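**Student:** Below you'll find the structure I mean.
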């Protein structure tokens with residue numbers, strides 16, 4: 001077998017990269033380790049309207065559950081604010097269905113898709129990645145290619161085999177657990193977030209409505225906070241207090257340390273969770289993965305067309321994605337580090353300072369004015385305002 005591009009990983013990042021490479025005329029092979037694309041689910045499923053604007057996708061009923069118009073943030077000591085800021089407007093997705101839709105779109109654009117296919121090693125020619133060794137339903141196989149796009153998740157081994165430093169430390173990871181629940185009475189248009197040591201130390205708990213009495217209820221906490229109690233114990237207590245009925249369980253890890261230092265090398269690009277292209281504050285990665293994967297697919301097409309798959313040429317991928325989302329990631333990382341340092345009383349005070357305010361168009365300037373009477377909050381936030 002021989003292809004222009006082999007994409008490893010069939011989730012949002014991999015399928016999106018495969019689609020854009022294929023639509024630009026490349027021969028593409030997409031390898032997914034699981035028997036079924038979209039499972040197991042490792043995502044809460046919330047996206048903003050900007051996801052659809054930037055990807056060109058339409059919020060089709062095949063993979064959207066509910067329209068979100070507001071977000072409620074609950075503090076550890078009772079503070080609560082609700083915002084209808086345009087930035088929170090979006091949809092809750094049926095993630096399994098989205099992943100399948102994106103893989104189907106890639107296939108319709110011309111990509112070959114193989115499930116139950118685990119990439120185990122890379123093939124090199126003159127120091128450049130030039131193929132993949134994988135184990136599929138028919139045994140171990142080798143495939144030659146012009147280049148590889150690694151979208152194999154937070155524990156990416158492929159990028160490391162190419163010489164890139166992608167190993168995340170335990171302190172860099174957020175442990176996430178989630179139930180899909182039934183029989184819940186929640187506002188179908190409002191996402192709920194809970195902060196504080198009781199709910200999710202160094203993280204947050206979420207309730208995302210899916211309509212018809214269903215919701216995704218989960219939490220993510222930093223690994224450093226898991227020494228005494230695991231994330232599941234916090235989630236189970238919340239579930240028991242509210243009497244939610246569990247119908248599905250999912251778990252995973254998310255890198256919240258910002259992107260890896262380098263996302264390219266000779267013959268290979270890294271995208272999505274494998275590259276740390278995740279919002280360090282929220283842990284959200286669907287939108288960022290799609291943005292960066294589009295760039296990866298386009299750069300792959302440019303590289304194959306020009307006959308240049310060396311790292312110097314492929315560095316344009318990193319320059320483009322950092323220009324597009326780099327500043328936002330840096331800002332989110334600062335916010336996350338500051339929030340990590342807040343105790344329950346400070347978190348609640350911050351939320352109470354915003355109660356009754358018009359949050360529909362809040363900006364950093366207006367936030368400064370709101371907090372002018374809270375010197376301790378200004379001290380905490382001064383690095384990012």
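Each residue, glycine too, has its Cβ placed from N, Cα and C.
Source: prediction; values computed, not measured.
According to Swiss-Prot, the protein has these features:
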BINDING   13, 32, 43, 44, 46, 95, 119, 273, 285, 286  FAD binding site
**Student:** How many neighbouring Cβ atoms, not counting its own, are there within 10 Å of the Cβ of residue 43 (FAD binding site)?
**Tutor:** 24
**Student:** Measure from the Cβ of residue 13 (FAD binding site) and count the other Cβ atoms within 10 Å, all protein chains considered.
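**Tutor:** That number is 33.
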**Student:** State, in Å as a whole number, the widest CA to CA span among the FAD-binding residues 13, 32, 43, 44, 46, 95, 119, 273, 285, 286 given in the record.
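**Tutor:** Largest pairwise Cα separation, rounded: 29 Å.
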**Student:** Across all chains shown, how many C-beta atoms besides its own are within 10 angstroms of the C-beta of residue 119 (FAD binding site)?
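**Tutor:** I count 24 other Cβ atoms within 10 Å of it.
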**Student:** Using all protein chains in view, find how many other C-beta atoms are within 10 Å of the C-beta of residue 46 (FAD binding site).
**Tutor:** 23
**Student:** Give me the long-range Cβ neighbours of residue 285 (FAD binding site): same chain, 6+ apart, Cβ under 8 Å, in sequence order.
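**Tutor:** Long-range Cβ contacts: 12, 43, 254, 272, 273, 277, 278, 279.
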